[in-house]
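Participant: Got a structure for you, written out below as structure tokens; questions coming shortly.
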Amino acid sequence: MVTLVLGAQFGDEGKGKITDLLSQTADLCCRSAGGHNAGHTIIHDNITYDFHILPSGLISPKCVNLIGSGTVVHVPSFFKELKALEEKGLKDANKRVFISDRAHVCFDLHSVVDGLEEASLGGRKVGTTGKGIGPCYSDKASRTGVRIGEVLDEGIVERKLRNLEAGYRRRFGDLTYDLEEEIKRFKEYRTLLKPFVVDQFTLLRKYKDASILIEGANALMLDIDHGTYPYVTSSCTGLGGTIQSLCLNPTEIKSIVGVVKAYSTRVGSGPFPSEQINEIGEKLQVTGREFGVTTGRKRRCGWLDLVMCRYSTLINHYTALNLTKLDILDDFDEIKVAVAYRLNGKEVESFPADAEELEKVEVVYETLPGWKVNTMGATKWEDLPPNAQKYIEYIEKDLGVPVRWIGTGPARSHMIERL
């Protein structure tokens with residue numbers, strides 16, 4: 001039995017909390033894509049945990065966790081994050097997390113190159129996290145990268161890393177990067193990593209009849225194939241990428257949970273049709289505390305975009321939705337939702353593939369009444385004011401997918417579940 005949790009917008013939807021909730025009954029929790037560019041926060045027993053590369057199933061004491069073959073792993077960050085969790089009380093975390101030997105290694109070299117590539121784009125920067133994710137996936141695609149399993153062989157790592165550095169030096173000239181220092185560090189990591197490295201196929205076979213939870217990173221609109229290219233991440237963040245990365249049997253997928261924030265946010269560059277560059281956007285940013293967990297950057301804010309969510313639903317085939325941060329809308333007199341795009345006076349029939357075209361669309365909004373009632377901490381559907389219920393029902397009707405979970409605050413308990 002497999003359950004997927006996938007971001008339906010631009011990331012930062014709040015996937016961590018629903019993953020934490022579902023992991024309480026899961027035997028295995030897996031990350032399928034991305035690296036330490038991802039970031040989410042979970043509050044449990046008044047303790048705040050920040051996750052980047054590690055699966056958030058680690059908070060559940062009986063849940064085993066896997067970082068799958070489609071990911072890229074920055075080894076220093078892996079150990080730093082693991083240590084931080086242990087210092088906050090998760091003492092056995094290092095015994096419940098494993099890394100696929102087919103995952104790729106994200107070196108410090110990749111971070112240096114990431115910055116150089118962004119600088120070369122000038123005014124058309126992608127707005128990456130600067131963590132080296134793109135260059136690492138590029139090396140993977142060009143068949144020059146290093147896999148986690150190869151770290152256990154000192155000779156392979158040194159040879160491949162020297163080749164990578166030489167290639168980038170030919171491209172960029174001088175690099176502010178210490179090759180010998182990174183080679184030295186990986187000699188130490190060879191021993192430290194060994195207990196964590198597994199053949200994921202053997203592990204997944206062991207759990208074939210168990211409850212498996214897949215934790216998506218980033219979101220559909222940042223997918224390398226289906227997102228707002230080129231303003232995307234470098235991995236497949238949707239349903240297809242998840243199946244590929246973890247070799248899932250599609251017929252065993254029980255549910256696909258799409259996580260949708262009650263409004264829209266985006267970090268970095270790229271088209272954002274419903275963005276509000278005004279006092280509404282500022283209010284959403286301040287009230288919603290919209291700052292990136294990984295970079296600390298301010299998130300751009302706007303109204304919920306149902307055109308985008310329909311497109312996301314079409315690709316990821318959600319069976320249920322988790323609507324998050326409903327309480328952030330409590331103080332609005334009226335709430336708008338994007339229901340259509342117009343371009344050159346005509347309604348756009350399908351979601352534009354061209355980012356420049358998407359930047360030019362005129363958004364058609366539906367205006368719904370606000371509720372002006374505090375919903376933070378609500379745990380029952382009946383606790384919500386009528387207009388908040390109508391807002392949720394409007395989303396359900398438009399997308400054709402039931403909203404099963406509603407987030408009403410930052411704590412694990414701040415969640416409404418509708419059966």
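The backbone N, Cα and C atoms fix where each Cβ goes, glycine too.
For reference, Swiss-Prot lists these features for the protein:
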- 11-17, 39-41, ARG299, 325-327, 407-409: GTP binding site (BINDING)
- ASP12: active site, proton acceptor (ACT_SITE)
- ASP12, GLU13, GLY14, LYS15, ASN37, ALA38, GLY39, HIS40, THR129, ARG143, ASN218, THR233, ARG297: IMP binding site (BINDING)
- ASP12, GLY39: Mg(2+) binding site (BINDING)
- HIS40: active site, proton donor (ACT_SITE)
- VAL293, THR294, THR295, GLY296, ARG297, LYS298, ARG299: substrate binding site (BINDING)
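Map the listed features onto the structure and describe their local environment.
Facilitator: If you take the C-beta of GLY11 (GTP binding site) and look for same-chain residues 6 or more apart in sequence within under 8 angstroms, you find ALA38, ASN218, ALA219, MET221, LEU222, ARG266, VAL267. GLY11 (GTP binding site) falls outside any helix or strand according to DSSP and counts as coil.
Taking the Cβ of ASP12 (active site, proton acceptor) as centre and 10 Å as the limit, one finds 27 other Cβ atoms among all the protein chains shown.
For ARG297 (IMP binding site), the same-chain residues lying six or more positions away in sequence with a CB closer than 8 A to its CB are VAL267, GLY268, PHE291.
For the recorded site, GLY39 (IMP binding site), the DSSP three-state label reads coil.
There are 23 other Cβ atoms within 10 Å of the Cβ belonging to HIS40 (active site, proton donor).
Here the Cβ of ARG299 (substrate binding site) has 21 other Cβ atoms within 10 Å, regardless of which shown protein chain they belong to.
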Participant: What does DSSP say about LYS298 (substrate binding site): helix, strand or coil?
Facilitator: strand
Participant: Of the recorded positions ASP12, THR129, GLY296, LYS298, which one has its Cα closest to the Cα of THR41 (GTP binding site)?
Facilitator: ASP12
Participant: Rank the binding-site residues LYS17, LYS298 by how many other Cβ atoms lie within 10 Å of each Cβ and give me the one with the fewest.
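Facilitator: Taking LYS17, LYS298 as the binding-site residues, the minimal 10 Å Cβ count falls on LYS298.
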Participant: Enter the number of other CB atoms within 10 angstroms of the CB of LEU326 (GTP binding site).
Facilitator: 25
Participant: For THR408 (GTP binding site), write down the residues of its own chain that are at least 6 apart in sequence and whose Cβ falls under 8 Å from its Cβ; none is a fine answer.
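Facilitator: The answer is LEU326, ASP327, THR375, MET376, GLY377, ALA378, THR379, HIS414, MET415, ILE416.
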Participant: Spatially, and counting Cα to Cα, which of the recorded positions is closest to ARG299 (substrate binding site)? Options: ASP12, LYS17, ASN37, HIS40.
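Facilitator: If we rank ASP12, LYS17, ASN37, HIS40 by Cα distance to ARG299 (substrate binding site), first place goes to ASP12.
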